[in-house]
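Structure, as structure tokens:
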Amino acid sequence: MENLGYSPDQKMSPNLKLASKSKVKELRKYTAALLLLAPLLLFILAFFVVPMLYVFYLSFIEVEGLDISNASYSIGNYLTFFSDSYFLRSLWMTMKVSIYAVIIALILGYPIALTMAKSSAKVRGYLTLLVASPLLISVVVRNFGWYLLLVPNGVVDQFLMKLGIIDSPLKLLFSVEGVVIGLANSFLPFMVLSIATSLYNIDPSLEKASSILGASPLKTFLTVTLPLSLPGVVAGIVLVFSMSMSSYVTPALMGGANVPVLPIVIYEQINTLFRWTFGSAISYILLGVTLISVTIFSRIFERKFKEVFR
Amino acid sequence: MKAARITVTVIGLIFLLIPLIVTIGASFTTAGYPTFPPKGFSLQWYEKILDRPEYMSAFFNSVKFAFLAAFFSVLLGTIAGLALAKYNLPGKTFIVSLLTSPLTIPHLVLGAALLIYFTPMLLAGKPIGFIIAHVVICVPYAIRFVLTGLSGFDYTLERAGMVLGANPFMVFWKITLPIIRPAIFSGAMFAFLISFDNVTVSLFMVSTNMRTLPLELFFHMQDSYDPMVASVSSIVILISAIFIVIFEKIYGIGKLFGGS
């Protein structure tokens, strides 16, 4: 303490008194803040953090059938997953479906975002409304529309047959293609909004400078706009990929038993077969694989385009 | 190049919106199965909803659960948000990311974890378990809305109230609350909609007699090909559309998802 230099009978300096008073005040402030934060903090700890840790712990318990009495700690659940070709195929299918969904969302999403960036504030507002609104409508409802479109002899089949492009139904429903279409449709808004945000941040004078210096619109796009929008593109890809990886409803409705992606397997293990410890392990495998793929992907991009990512 | 960009934009928007258009169109069909374009025009698939108790009770379940989930999310979120905005706590960013961390875990994994966690606590398949699970997924949004609403808040107003002799409760009631009311209101509506639309978490939390509307649709779609799914879906679209219009008026829908 600072008052060590003072003799005991000396009075406390007024400065010090003030300091201790403000310290008390600060302490009281923190107590108030903690009291206000406590309900939600406890809630999140009790019903989010602890359950997630509990499931992680369970994933290291191996159970024979449903009998918990002969449970043992091991990485057996993880070994089972990685040594069974059914589960490995399911993991690969999940990744494949998610990558396809990302590609479709990128191809359709980038032009939409570009149009939004180049429009007047009013048109941009309408486009944002059109793009973001579907996110507020239940995914079941949006998938039902695709169900009607893709069902054998449904809207798409009839349209293409009338045009003479195909002469028998495409069988898009209950297939990988159907799931990819459903996922791309569900998550396209996130791609558009991510890319649009980074396009809005581009200084328009850069594009002007490029065209004044004689670059064609295409060259300006390829050398100025596109590189500067990459952070948004990467963010969009990461979002759409991770949401597709863990999507349950769309594969269940559009793929059925034909497209057993990992979320379907997890649901089946936990909710139908009650193999909780194994289901917990698959859940963490899904989280891990998603996190690792996303990290590797964005690292590669950030390294390759250092200037753009600061 | 511009023509190509506009063309793809239009195709993209059609791709995005066509499932909604087809669903609404098919709900007016006169046929016994959903068709688009609809065969003729009738409202029979809307009238018949009233004779189907499962849809009616699912609708009321949805509204009830979403209302309660939104209420508790906003209550917890507002109290915590006020503390976070007002006091410059050490580790504030950490606390905010902890409180919003449910956003980073997929609903499927969260639902499974809560089912496993709730079963020994006898909360699985109970309304209270369902509401807790929905508050977990809704509360991060409530906090965000409150923090945004308080970001430009002028604390001299509160001090002025104190100086003039109001107690802390009066200060909150007469000064703070009216200023953040729009943020709380938007947060509540958003939380309501997130809960109302949810399928994946609900799947793990319900017993057969407490199905919500999206769940009822989900199960019906899997085992029957019935135009009533189209008419009920259209009603869900209509409800969402009302919310979307209100959001757009008071908040701007792009801001909800981090755009501008």
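Placed from the backbone N, Cα and C atoms, the Cβ positions cover glycine too.
Whatever TrEMBL says is automated annotation, not expert-curated.
Going by TrEMBL, these are the annotated features:
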TRANSMEM  A:30-57  transmembrane segment
DOMAIN    A:91-297  domain 'ABC transmembrane type-1'
TRANSMEM  A:97-114  transmembrane segment
TRANSMEM  A:126-149  transmembrane segment
TRANSMEM  A:179-200  transmembrane segment
TRANSMEM  A:221-244  transmembrane segment
TRANSMEM  A:281-301  transmembrane segment
Inset, instruction - Would you kindly check A:30-57, A:126-149, A:179-200, A:221-244 and say which stretch has the most C-beta pairs under 8 angstroms to the transmembrane segment (A:97-114)? - result: A:179-200
Legend entry - Outside the transmembrane segment (A:179-200), six or more residues from its ends: residues with CB under 8 Å to it: 97-98, 100-102, 104-106, 108-110, 112-114, 116-117, 128, 131-132, 134-135, 139, 142-143, 146, 150, 172, 225, 228-233, 235-237, 239-240, 243-244, 247, 250-251, 253-255, 259, 261
Legend entry - For the transmembrane segment (A:221-244), sequence-distant contacts whose Cβ falls under 8 Å of one of its Cβ atoms, 6 or more beyond its ends: 97-99, 101-102, 105-106, 109-110, 113-114, 183-184, 186-188, 190-199, 202, 206-207, 210, 215, 290, 293-294, 297-298, 301-302, 305, 307-309
